[in-house]
Every structure is written in structure tokens, then in C-alpha cells.
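So that you can see what the record holds, here are the features copied from Swiss-Prot:
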type: ACT_SITE; residues: ASP103; note: active site
type: ACT_SITE; residues: ASP105; note: active site
type: ACT_SITE; residues: ASP230; note: active site
type: ACT_SITE; residues: HIS232; note: active site
type: SIGNAL; residues: 1-20; note: signal peptide
type: TOPO_DOM; residues: 21-31; note: topological domain 'Periplasmic'
type: TOPO_DOM; residues: 42-69; note: topological domain 'Extracellular'
type: TOPO_DOM; residues: 79-83; note: topological domain 'Periplasmic'
type: TOPO_DOM; residues: 93-130; note: topological domain 'Extracellular'
type: TOPO_DOM; residues: 141-145; note: topological domain 'Periplasmic'
type: TOPO_DOM; residues: 157-197; note: topological domain 'Extracellular'
type: TOPO_DOM; residues: 222-250; note: topological domain 'Extracellular'
type: TOPO_DOM; residues: 275-306; note: topological domain 'Extracellular'
type: TRANSMEM; residues: 32-41; note: transmembrane segment
type: TRANSMEM; residues: 70-78; note: transmembrane segment
type: TRANSMEM; residues: 84-92; note: transmembrane segment
type: TRANSMEM; residues: 131-140; note: transmembrane segment
type: TRANSMEM; residues: 146-156; note: transmembrane segment
type: TRANSMEM; residues: 198-209; note: transmembrane segment
type: TRANSMEM; residues: 212-221; note: transmembrane segment
type: TRANSMEM; residues: 251-261; note: transmembrane segment
type: TRANSMEM; residues: 265-274; note: transmembrane segment
type: TRANSMEM; residues: 307-316; note: transmembrane segment
Amino acid sequence: MRAKLLGIVLTTPIAISSFASTETLSFTPDNINADISLGTLSGKTKERVYLAEEGGRKVSQLDWKFNNAAIIKGAINWDLMPQISIGAAGWTTLGSRGGNMVDQDWMDSSNPGTWTDESRHPDTQLNYANEFDLNIKGWLLNEPNYRLGLMAGYQESRYSFTARGGSYIYSSEEGFRDDIGSFPNGERAIGYKQRFKMPYIGLTGSYRYEDFELGGTFKYSGWVESSDNDEHYDPGKRITYRSKVKDQNYYSVAVNAGYYVTPNAKVYVEGAWNRVTNKKGNTSLYDHNNNTSDYSKNGAGIENYNFITTAGLKYTF
């Protein structure tokens with residue numbers, strides 16, 4: 001099934017090119033619309049560690065949480081012809097934002113459901129996050145008051161975090177949660193980056209009644225390629241972890257509502273929910289203290305979900 005869907009994505013440009021050869025392209029001002037908006041980004045991203053030698057069970061998980069990071073978002077769309085549109089969109093954070101990180105380990109194989117080690121880092125920053133999206137739409141219905149179309153595109157997103165200070169509860173070799181303490185305030189503990197690359201397919205549409213308009217978009221990908229980089233800065237455990245995961249699932253739902261203040265200008269609000277589901281992938285580590293490295297197949301997991309709310313202006317030229 002995924003192979004068939006990927007075939008649709010790859011052959012869409014060919015089909016559109018063939019169709020375009022029978023139509024006349026007209027680059028006129030009223031073929032273009034653009035929008036810009038401001039809003040917030042909230043969500044959580046997760047990294048996991050699995051042990052293949054213990055049946056692939058999860059032994060570690062780090063949850064990076066962020067709330068209400070300010071973002072700016074923009075898009076431009078060009079109607080090549082009544083049936084075909086191309087577009088570009090993207091957003092970026094306007095600065096760093098405070099967050100939170102929790103790191104838990106399950107090292108006791110005889111009691112895998114109970115964590116043995118935990119550290120909490122309330123002094124965590126979302127350093128930056130951004131995304132770009134290139135897409136093409138084919139309109140099945142295209143009337144003055146409503147549109148419905150299929151879409152295909154390519155999207156990339158990035159996230160960067162730094163956790164500082166914090167507290168910990170560890171288990172010694174002889175005990176259980178018996179080592180309690182804290183890290184120096186402001187000292188870097190862990191730095192983490194994620195990147196997601198994906199082709200996708202989707203469905204988009206809108207409906208207008210007088211000066212009010214509702215719209216929505218659904219996107220899906222089964223071909224997400226994600227990667228991450230985890231830097232442990234502890235001088236006694238200076239380790240870099242890098243992981244790659246392929247063919248993850250991605251889901252996105254966006255809904256917007258707007259009002260035309262002039263025939264060409266619309267103010268609107270929008271909410272978008274996005275998720276990349278967890279899947280196992282390969283990981284490597286490099287120990288800077290010992291100059292040693294290791295590699296593990298199916299030893300990592302990467303996941304991300306977020307919610308974006310924006311308010312902005314759309315203008316048709």
C-alpha cells in the first residue's frame with residue numbers, strides 16, 4: 001500500500017506536466033496569493049533507547065516539552081491554471097523559549113516497568129524550531145465559493161534543545177533510587193537536535209459564505225526519514241549519540257476560519273496538529289573520553305508531536 005502511495009507522489013509531477021502541455025499558463029497578478037501570520041508552537045519530542053540483546057526492550061527515554069514558543073509563519077501560492085496550483089510555506093520560531101526535559105532509565109531487566117534512574121531539567125530551552133513545505137495541488141472542484149483538491153509535497157522540520165542544571169535520582173549497583181542530588185545551575189547537561197524529512201500526500205479544501213470562509217488540510221506520509229543528535233556534556237560521560245529512523249508515519253490536520261475585510265484581504269485564525277509516530281531505527285555513539293564508538297541496530301526511537309495556533313492576513317494580488 002505504501003509503495004502505491006509513494007508512486008502517486010512521484011508520478012504526480014509527470015501527470016501535471018502532461019496536463020499543463022494542453023493548457024496555457026498565465027502569470028497575472030490575480031493568480032497569486034500570500035499570507036503571513038504570528039502564533040505559538042507547543043508540543044513534545046521524544047528520544048528512546050532500546051537494547052536488542054534484551055529483546056529490544058526500552059531502557060531509556062527523554063521527553064523534551066515546549067509551550068507557547070512565538071513563531072512567524074508565511075505562505076505563497078500561485079494558481080498556474082484553474083486545475084493546478086503550486087505553493088511554498090514555512091514557519092520559524094522568533095527566539096528561544098523555556099521548556100522542560102525529563103530523562104528516565106529502566107535498567108533492571110527483572111523489573112522493566114519501574115524506572116531506576118531519573119533526572120529532571122526545568123532549565124531547558126527550545127533554542128529554535130523551523131519548517132518549510134513545497135507543494136502542488138490539483139483541484140477536483142474549483143468554484144468561486146468552494147474548492148476541493150488533492151496535494152503532494154515535500155516538507156522538512158528541525159528542532160534544537162539544551163538542558164541545563166536540574167536534579168537527579170539514581171540507583172547505585174547495591175541500591176534502588178538511593179543516589180539523590182542536583183547538577184550545578186546553568187551547567188549544560190544535554191543538547192538535542194531532531195530533523196524530519198518527508199514527501200507527503202494530502203487533501204485540502206475551503207468553503208466561502210458571503211464574507212466568511214472555512215478551510216482545512218489533511219496531510220499524510222509513510223516515508224518520514226528522521227535523524228537526531230544527542231550530546232551528553234557531563235565531563236565524566238562525554239558521549240555523542242546519533243540516530244536515524246526511516247519510513248515513519250506522519251499525520252497533520254489544519255483548520256482555519258477567516259473573514260474578508262476587503263474583496264482581496266482576509267483575516268484568519270488557524271490551528272494545526274502534527275505528529276510523527278515512534279519507530280525504531282539505528283543508532284551510533286562516540287565516547288569522547290575513551291575515543292571509542294559503538295553501533296546498534298534498532299537501538300533508537302524518535303517521535304514528535306506539536307500544535308500550532310496562528311492569526312494572520314491573507315492577500316490576493
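Keep in mind that glycine also has a Cβ here, set from the backbone N, Cα and C atoms.
Taking the features listed in Swiss-Prot, we show where each one sits on the structure.
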residue	record	contacts (Cβ under 8 Å, 6+ apart)
ASP103	active site	SER60, GLN61, LEU62, GLU118, SER119, ARG120, HIS121, ILE190
ASP105	active site	VAL59, SER60, TRP115, THR116, ASP117, GLU118
ASP230	active site	GLU47, LEU62, ILE190, GLY191, TYR192, THR240, TYR241, ARG242, SER243
HIS232	active site	ALA189, ILE190, ARG238, ILE239, THR240, TYR241
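Highest Cβ contact count with the transmembrane segment (70-78) among the listed stretches 32-41, 131-140, 146-156, 212-221, 251-261 falls to 32-41 (criterion: pairs under 8 Å). Here the transmembrane segment (84-92) has long-range neighbours at 16, 19-20, 41, 71-78, 128-139, 149, 308, meaning same-chain residues at least 6 beyond its ends whose C-beta is under 8 angstroms from one of its own.
Between the transmembrane segment (307-316) and the transmembrane segment (146-156), the number of CB pairs under 8 angstroms, six or more residues apart, is fewer than three, so the stretches are not in contact.
Away from its own ends, the transmembrane segment (251-261) comes close to residues 200, 202, 211-220, 267-275, 277, 314 of its chain (Cβ-Cβ under 8 Å, at least six residues beyond either end). Applying DSSP to the topological domain 'Periplasmic' (141-145) sorts its residues as follows: 0 helix, 3 strand, 2 coil.
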